[in-house]
Amino acid sequence: MKDVITAKDVKLSYGSYEALHGISLNFHEDELTALIGPSGCGKSTFLRCLNRMNDDIENINITGKILFEGQDIYSPKMDLVELRKEVGMVFQQPTPFPFSVYDNIAYGLRIAGIKDKELIDQRVEESLKQAAIWRETKDNLKRNAQAFSGGQQQRICIARALAIRPKVVLLDEPTSALDPISSSEVEETLMDLKRKYTFIMVTHNLQQAGRISDQTAFLMNGNLIEAGKTEEMFIAPKKQITSDYLNGRFG
Amino acid sequence: MKAKNTDKIATWVIYWLVAIVVLILAGILGNILWTGLPHLSWHFLTSEASSYQAGGGVRDQLFNSIYLLILTTIISFPIALGAAIYLSEYASDNWFTSLIRTTIEILSSLPSIVVGLFGYLLFVVQFGLGFSIISGALALTFFNLPILTSNMEQAINGVPQSQREAGLALGLSNWKTIRGIVLPAALPGILTGLILSAGRIFGEAAALIYTAGQSGSTVNYSNWNPFSPTSFLNVMRPAETLAVHIWKVNTEGIIPDATVVSAATSALLVIVVILFNLGARYLGNKLYQKLTAAKAK
């Protein structure tokens, strides 16, 4: 199995406080990896290292290596804009821009320099279909994206991330701000898409991780405790503490 | 029982205090409009101010006020916008930026007569611009910048951080995120701030007395050459505004109908400022709806 992203001994500290104590983890192509763990364990922080969203935090220090397709993303030669085109991101709160649905999806494409109107139209439709939101938006493409429901907004954001054809999409608790119905819609969308894209998802919802992920990584207090195939880990975790967490004894 | 009584008394006191505020405001506004409105006529709006006889109008003063407002806005808007973007998006929290913020706060409470005298010394005397529209516009820019900047900074800060992150995560550069996402989202707030400050500029007198001057030169509204001394567009001519006109007819004026003229001018000023405020609300709401689209088509 090909690894798209390889993290080697990633340590991160804010000033003198170390939040991640050396995490090594491989992410396989066209799989969905779930990062689970109690609140404050560093899973979101780790996720945001993968597209360098932590760069702007003051006094931050990141060591170790993160390779995206063999390239060190923290090397000075790395172009941030290029990296984020390859590694997209969807956040906990839906973040549609205050434009129409169409412009939301087309925005990244236009920035990427695509001018051909037909190609943009085609990509917009394709991305909305992929994110399973085409049916609800096709007659309302000119409507402001912020006027849709939370679940719809989140799928519009997924479509927006997919439109620029990334290799990897990072999902930071994509369903935790949504109601159960919207949440299951987003889950189904991810199930359909995970054969075409590599997803890395932070989630608090263990059932969700069990349902849709191929690989699961369990983090605690800034350490990677255990990682492996989801079925194996959920049925027979190697460590007692993983088993305790999965069984709801803490967290 | 005791708690109930105290509550009753407190409620009554609060109602009375509110009533006093409302009465004072309504009294002032009502008085200005009541005494001024009957004298507001088409003739008053379209004829020149007279120096000796009764029956003069405020045509030039009205135009000067609007012209000064437009010039001031053109000069101060880009500067304030740039400063606001810097403060909210780029500035980190250190002694330098807190110095800037403190300076802005102090400047925004600077008495306008001080701004006027400063403008007189710097623009009128030092730069040799004389009593002119441009001197007035520059002084008003100084007067206006602090408040405009902090209004805009607030509007930009009001855009959720998640929007910026979403832009950056999409591969947009910092500047593209600001220009393409943050500014459009902050636009309603920015516009409201701009129009509200316009109301302040429009009614300002003290900062203009020593900069734009108190005399109206002969103005020709069909002369479109801004370099001609009689053109209405010439920025080097002295220009009395509505607010300065009120001050002048009441202090040095020798026209017999000074009370009538100042009453009507006051009413005109108040009406224009009210229109600005209503306009700001309407436009802000409209844009907010359009951009955040509670009800867009």
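Just so you know, glycine gets a Cβ as well, placed from its N, Cα and C.
Any TrEMBL annotation is an automated prediction that lacks curation.
The domain 'ABC transmembrane type-1' annotation in TrEMBL covers B:62-279.
Long-range contacts of the transmembrane segment (B:12-34) within the same chain: residues 263, 266-267, 270-271, each at least 6 residues beyond the stretch ends and with a Cβ under 8 Å from a Cβ of the stretch. Look at TrEMBL and you will find B:12-34 (among others) tagged as transmembrane segment.
Taken from TrEMBL, the feature transmembrane segment covers B:66-87 (among others). Residues 97, 100-101, 133-134, 136-138, 140-141, 144-145, 148-150, 152-153, 155-156, 178, 183, 190, 194, 198, 201-202, 208, 212, 232-233, 235, 239, 241 of the same chain lie 6+ residues outside the transmembrane segment (B:66-87) yet bring a C-beta within less than 8 angstroms of a C-beta in it.
Per TrEMBL, transmembrane segment is recorded for B:99-123 (among others).
Residues annotated as transmembrane segment in TrEMBL: B:129-148 (among others).
Annotated transmembrane segment per TrEMBL: B:181-202 (among others), in sequence order.
Taken from TrEMBL, the feature transmembrane segment applies to B:260-280 (among others).
Across B:99-123, B:129-148, B:260-280, the stretch most heavily in contact with the transmembrane segment (B:181-202), judged by Cβ pairs under 8 Å, is B:260-280. Taking Cβ pairs closer than 8 Å, the transmembrane segment (B:129-148) reaches residues 64, 67-68, 71-72, 75-77, 79-80, 83, 104-105, 107-108, 110, 112, 115-116, 118-120, 123, 193-194, 197, 200-201, 204, 207-208, 210-215, 234-239, 241 in its own chain, all 6 or more past its ends.
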